[in-house]
Amino acid sequence: MENSEGVKIESTVVTEEPLISALDIALFVVIITVAYFWYFKRDKQSSSSEKKPYTIQPSSLSSIEQTSNSSFIKKLKSTGRSLVVFYGSQTGTAEEFAGRIAKEGARYKMKGMVADPEECDMADLVEMKEIQKSLAIFCIATYGEGDPTDNAMDFYEWLQNGDADLEGLNYAVFGLGNKTYEHYNEIAIYIDQRLEELGATRVHEIGLGDDDANIEDDFVSWKEKLWESVCSHYGIEETGEESNIRQYKLVDCSEVLPERIFSGEISRLKSYENQRFPFDVKNPYLSKIAVNRELHKSGDRSCMHIEFDIDGSKMRYDTGDHVAVYPKNSSELVDKIGELLNADLDAVFSLLNTDEESSKKHPFPCPCTYRTALTYYLDITSNPRTHIMKELIEYASDPKDQEKLKLMASSTPEGKKEFHEWILRDNRNIVHILEDLPSVKSDLDHLCELLPRLQCRYYSISSSPKVYPKSIHITAVLVNYTTPTNRVNKGVATNLLAQLIPTNDELPQPTIPIYIRRSQFRLPPKSQTPIIMIGPGTGLAPFRGFIQERDYARKEGREIGEMVLYFGCRKKDEDFIYENELQEYVASGTLTKLHLAFSRDQPEKKYVTHLLEQNADELWNIIGEKSGHLYVCGDARSMAKDVHSIIVKVVMEKGQMTNSQALNYVKKMEQQKRYSADVWS
């Protein structure tokens, strides 16, 4: 019917031949529509750029941290600034250091701004020379196995692949690293050298901060000498002004509707009520705890096996990946802060950046209550840095408390010694400081501005998606320890996880926000490739996933290579985790050899490193003669270093190489991803 009618109409058109055809009319309508929308959009953009009404609204990090214009040069010029401090940060420390440098610039008549390289067009560095007495400072952390942080990746690649002429750019670099890792401050060192290669002028030598020692001390010492170099380079003098300038101003939000107030979401308001894929660092998935069981058989320590339910989330992971867990502070500590400062923790507030040009409008999701900020957004359990001591001075009514804070905030040898002993050695957090200096009654909003952001915790995934596609497993030791002041400090994440026990009834199951972080810790592409895994304690976690994956392949009928596991713990009858599983894999043939070291089951300590030295022939057979892969997971400070030394020694002796040749051989293994480490300090 419709087809025949269409034919009839077609026939009529042919015979009558009107002046305007249906096609002409359609084209005319399209042209008019496009013209209308083009004009309307242009008009709307024009009016919005001319008029930006000031309103206080709850906003998420995703919108907070987006810049309206990626040109930092335009911002510098339009606001009369000459100093820009870029940060490459994974945990927030580099960003904090960048803010402190930018703030101090005012003392040297250099108005500064902090910038995230991910949000900037870094090619604009070539235009820095157009700004008189300009300076770019880079606070850059090295992450993982010598990798740039996520937000510095594009900048790093731009430096690698580009050949911009940076003559006229004045710069300085401070690196944040950890000496227990092989690639200590590798990214900062590269950026410092590469900027010079491209023609930029180094105003002050690179600073290398070591988080394994005292990175705060490293930063403060470098910063002092930096300003001396800046004064010399530009012929300027310090103004001497030491006033504590607030970066954020307090806004009373008591009239804001409850549905517009953040209650712990990382980014998007009500994101935990309305979950949206994809899930990432700013949009975690609220996962149910499916399993939470104790792995230790006895003793006063605890190790938990926890399974996160990801069924229906569309989340995917690979064996060897990490899962990030978003913790929250204990209500006991939060209440204590409210009590010590005589504050109403349920008051709704917002902190608004006093710098209207800053892309970061709030330090955390606002508006919210003080209770929410202290519970979900602020780190109240770590050791505060010296700048917090300095900012607290004005709130101390007791002269003795004032003098103590002044001393710890100073850069004198006596001040550094006092800070190291009273804060770091005695392991005091902000709650302990307020308890032990009772005259310090800080404004709570100022304290919220000063404290760093509470960071998510990363755990190696101890399962294979081939076997457990709908869940993610982790293996976590409960952290509890007594400080020199006889206080009990508790791990923020592990103590929260210990409380999340699933029930067997119809009550709502406990949940926690998570997301998956990709890793380079991977099984060989070919299942036939032999591997050696070295993972004492919870270092076993990723290898449990490796073994599961190879076992899955074996059951499918595929050939699998040798799998040798070195595992160690204190006592066989106490903390031999996953013992039955491992023994079953040995019995089935999936796990070729299981080397065990129980350090306290005999008079002399016995560790996995001792077993490695005893099995030099087996090591060389797999990594040398069969080109197998070697994996290490666990403590970076001692175990991983000792393993590396043993491997080099084995290569020397069994491969008949000199020390230099053996080091090069191991280095090549690392470059080929045949020697991989997933370690922590």
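Positions of Cβ are set from backbone N, Cα and C atoms, glycine also.
Taken verbatim from TrEMBL:
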type     : residues                                                                     : note
BINDING  : 89-94, 141-144, 176-185, D211                                                : FMN binding site
BINDING  : R301, T538, S599, R600, K605, K606, Y607, V608, T609, D642                   : NADP(+) binding site
BINDING  : R457, Y458, Y459, S460, T475, A476, V477, Y481, G491, V492, A493, T494, W680 : FAD binding site
DOMAIN   : 83-227                                                                       : domain 'Flavodoxin-like'
DOMAIN   : 282-524                                                                      : domain 'FAD-binding FR-type'
TRANSMEM : 20-39                                                                        : transmembrane segment
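Within the domain 'Flavodoxin-like' (83-227), the DSSP-based counts of helix, strand and coil residues read 65 helix, 35 strand, 45 coil. When every Cα pair among R301, T538, S599, R600, K605, K606, Y607, V608, T609, D642 is compared, the largest distance found for this NADP(+) site is 26 Å. Here the C-alpha separation of Y607 (NADP(+) binding site) and R457 (FAD binding site) works out to 27 Å.
Summarising model confidence by region, the domain 'FAD-binding FR-type' (282-524) averages a pLDDT of 96. Here the CA atom of G92 (FMN binding site) lies 19 Å from the CA atom of G491 (FAD binding site). V477 (FAD binding site) has its Cα within 10 Å of the Cα of these binding-site residues: R301, taken from N178, Y184, R301. Here the binding-site residues are A141, A493, and the one ringed by the most other CB atoms within 10 angstroms is A141. Close to T475 (FAD binding site) in the fold, though at least 6 residues off in sequence, lie L295, C303, M304, H305, I306, Y459, S460, S462, T538, L540, A541, R544, I577, each with a CB less than 8 Å from its CB. Separating the Cα atoms of G92 (FMN binding site) and R457 (FAD binding site) is a whole-number distance of 13 Å. Across the structure, A141 (FMN binding site) and W680 (FAD binding site) place their CA atoms 15 angstrom apart. For W680 (FAD binding site), the binding-site residues whose C-alpha atoms fall inside a 10 Å radius of its own C-alpha are Y181, out of S89, Y181, T609. If you take the Cα of Y184 (FMN binding site) and the Cα of R301 (NADP(+) binding site), they are about 33 angstrom apart, rounded to a whole number.
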